[in-house]
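S.K.: First the structure, which I've put down as C-alpha cells, then a few questions once you've had a look.
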Amino acid sequence: MAAEVRPRLTVLSGPSGVGKSTVVAHMRKVHPEVWLSVSATTRKPRPGERHGVHYFFVNDDEFDKLIANGELLEWAEFAGNRYGTPRGAVVERLENGEPVLLEIDLQGARLVRDSMPDAQLVFLAPPSWDELVRRLTGRGTESAEVIQRRLESAKVELAAESEFDTTLVNTSVEDVARELLALMEVV
Ligand SMILES: Nc1ncnc2c1ncn2[C@@H]1O[C@H](COP(=O)(O)OP(=O)(O)OP(=O)(O)O)[C@@H](O)[C@H]1O
Ligand SMILES: Nc1nc2c(ncn2[C@@H]2O[C@H](COP(=O)(O)O)[C@@H](O)[C@H]2O)c(=O)[nH]1
C-alpha cells in the first residue's frame, strides 16, 4: 500500500530584514496557490500594509482575547510588539491537504517545532552581517531605536541557525524562492 502523502507545514524564519517577506512575495507571484498564514499583530501598519492581507492588526485587548480563547497556534513578543499565528486557518488548510507556510520569528518556530514535530523549519540567512544591517536600514520602515532592537534580536536568531532543518542564504530572491518551493514540494 502506498504511504499517505501529507503536505507539510513549513516555517520560514530568519532575522528581521533578511528578506523573508520579499522571498515569499516573489514565490507567490510565481505560484499564487501557495498559502501563507496571515498573522495577528499588535504592531501598527506600515504604509501600504492592509488589514487581513499583510496582518490582522489588533490592539492589546484583542490580542489578549485571541490568546485566552486558544485561537493562536503560537505567539511571541518581538521588538516590543506581539505576533501570533491564527490556528483555525492553518489546521483547515492542512486537513484539506494543502501545503502551509508560516513566516514567523525564532521563538514561534521553536513553539511550532514542539507542538507539530512534522513541520519543516527553514532558516533564511543573510549573505553577511553588514548586508543584513544594510537591508534593514535601507527598508526605511523603522526608527533607529527599533532597528537597534531588531539587530539585537538578529544576533540571537543567527546563533540559533543550527536548530533549523535547512538554511537558505538570501543572496538572490529568485534562487531562494525556487529552493523554498522545492522544499515545500510545490514544484
Ligand atoms: N536578495 C536580496 N538582495 C537585496 N535586497 C534584498 C534581498 N531580499 C530582500 N531585500 C531587501 O531587504 C529589505 C528587507 O526585506 P524584507 O522586508 O522582505 O525582510 P523580512 O525578513 O521580511 O523583515 P522583517 O522580519 O522585519 O519583516 C527590503 O528592502 C528588501 O527589498
Ligand atoms: N512568532 C511569530 N512571529 C511572527 C508572526 N508574524 C510575523 N512574525 C515575525 O515577527 C518579526 C517582525 O515582523 P515585522 O512584520 O514587524 O517586520 C519577523 O521576524 C516576522 O517573521 C507570528 O505570527 N508569530
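Glycine is no exception: its Cβ is also placed from the backbone N, Cα and C atoms.
Pulled these from TrEMBL:
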- G14, P15, S16, G17, V18, G19, K20, S21: ATP binding site (BINDING)
- 7-185: domain 'Guanylate kinase-like' (DOMAIN)
S.K.: Considering only the binding-site residues G14, P15, S16, G17, V18, G19, which possess a Cβ situated under 6 angstroms from at least one atom of ligand 2?
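M.R.: From G14, P15, S16, G17, V18, G19, counting a Cβ under 6 Å from ligand 2 as near, the near ones are S16.
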S.K.: Could you name the residues, excluding G14, P15, S16, G17, V18, G19, K20, S21, of the same chain that surround the ATP site, i.e. Cβ within 8 Å of the Cβ centre of those residues, in sequence order?
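M.R.: Going along the sequence, the neighbours come out as L124, P126, L132, R135, L136, N170.
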S.K.: Give the sequence-ordered list of residues that share a chain with K20 (ATP binding site), lie 6 or more positions from it, and have CB atoms under 8 Å from its CB.
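M.R.: Counting only residues 6 or more apart in sequence, the Cβ neighbours of K20 (ATP binding site) under 8 Å are L12, S13, G14, E103, L124.
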S.K.: List, in sequence order, the same-chain residues at least six positions removed whose CB sits under 8 Å from that of P15 (ATP binding site)?
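M.R.: Counting only residues 6 or more apart in sequence, the Cβ neighbours of P15 (ATP binding site) under 8 Å are P126, L132, R150, S153, A154, E157, L158.
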S.K.: Give me the non-local Cβ neighbours of S21 (ATP binding site): same chain, 6+ apart in sequence, Cβ-Cβ under 8 Å, ordered along the sequence.
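M.R.: In sequence order, the residues whose Cβ lies under 8 Å from that of S21 (ATP binding site) (at least 6 apart) are E103.
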S.K.: Counting across all protein chains shown, how many other Cβ atoms sit within 10 Å of the Cβ of G19 (ATP binding site)?
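M.R.: The answer is 22.
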